[in-house]
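Annotated in Swiss-Prot:
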type	residues	note
BINDING	P100, L101, S102, S103, G104, M105, G106, S107, S108, A109, A110	ATP binding site
Amino acid sequence: MKSVRGFASATVGNVACGFDILGFAITEPGDEVILTRSERKHTGCPVTISSISGDGGKLPLDPRKNTSSFVVLKFLEHIRTHKGQDCTGHISLELKKHLPLSSGMGSSAASAAAALAAANELLGRPCTKMELVHFAIEGERVACGSAHADNAAPAILGNFVLIRSYTPLDLIVIPPPEKLFCSLVHPHTELRTSFARSVLPTDITLKDATRQWGNVGALVAGLLTSDYALVGRSLVDVVAEPKRAPLIPGFAEVKEAALNAGALGCSIAGSGPSIFAFSDSAETAHAAGEAMQKAFLASKKSLKSDMWVSPICREGARIL
């Protein structure tokens, strides 16, 4: 038998103005997946889940309904059909969750990415990281009913990732500015992605579309030129944030606290309830994160929270 341990970190989707087309990875926290392969013949599903920890018993053990095992099944099917690789034997999967569920931190994407990194290593690296993204996206469909890539792609590839097109999938990896730091604060409450998506408008005005496009373009330009002030000015979302902000207790105060502490900009992480802020130094990022935590605690619900300060992860999913 052979075992491989994969790891993938938290990600932030949307990045304010880039709804469903932009995301980035941080260095920690993240999920771990341990895959163990045996050559013995096994009837039934070729992948089984041996254990899940850190989820409070909420995640399914059915390998076809769990994101981490589902993507491994898709991966095995692909390399058998398109790469002509022998996939006999059985794979046992152990999932160690370190990311909170329904948090806006890319929890399902991290599990899928860690599982795919381990599976690819276990089977001799038959796929590129870019190929693995396709399977991770299908995992998002299982997790929340929508096959979006703004968490899945950076979980696999690291950096910032821009999704130019979904059909066909066209991803652009954008390396982060050297001094860009993220403060990520997760209040102790859940907000299901499916519900957070249900409050969004199905149509937007041309005026709002123009503002959103301008900010997306400016944000990408700011990242590519290390123009930190431009990055901050571009973190403006006129589409999703106005609808989702009321779902997060104390959001306005938390955002204001981050900006007053010196952050470049601040917005909702993915569908929430976590909130992220960008800063141009680790010191400012820590100050912004602490200010955000205090604001959550001062909100009507007196929410406690967890906080991480991190540079942007350049590596993506990896083997431990």
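Counting starts with 1 at the first residue shown.
A Cβ is built for glycine as well, from the same backbone N, Cα and C atoms used for every other residue.
Note that the coordinates shown come from a computational prediction; the quantities given were computed from them, not determined experimentally.
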Among the binding-site residues P100, G104, G106, the one whose Cβ has the most other Cβ atoms within 10 Å is G106
Sequence-ordered list of residues in the chain of S108 (ATP binding site) that lie 6 or more positions away and have a Cβ within less than 8 Å of its Cβ, or none, is T67, G139, E140, V142, A143, C144, N151
Cβ-Cβ distance under 8 Å, sequence separation of 6 or more, same chain as A110 (ATP binding site); the residues meeting this, in order, are A8, S9, A10, T11, G30, D31, L99, A155
Those same-chain residues, other than P100, L101, S102, S103, G104, M105, G106, S107, S108, A109, A110, found with Cβ within 8 Å of the centroid of the ATP-site Cβ atoms are A10, L99, N151, G270
DSSP, reduced to three states, assigns A110 (ATP binding site) to helix
Cβ-Cβ distance under 8 Å, sequence separation of 6 or more, same chain as S102 (ATP binding site); the residues meeting this, in order, are E190, L191, R192, T193
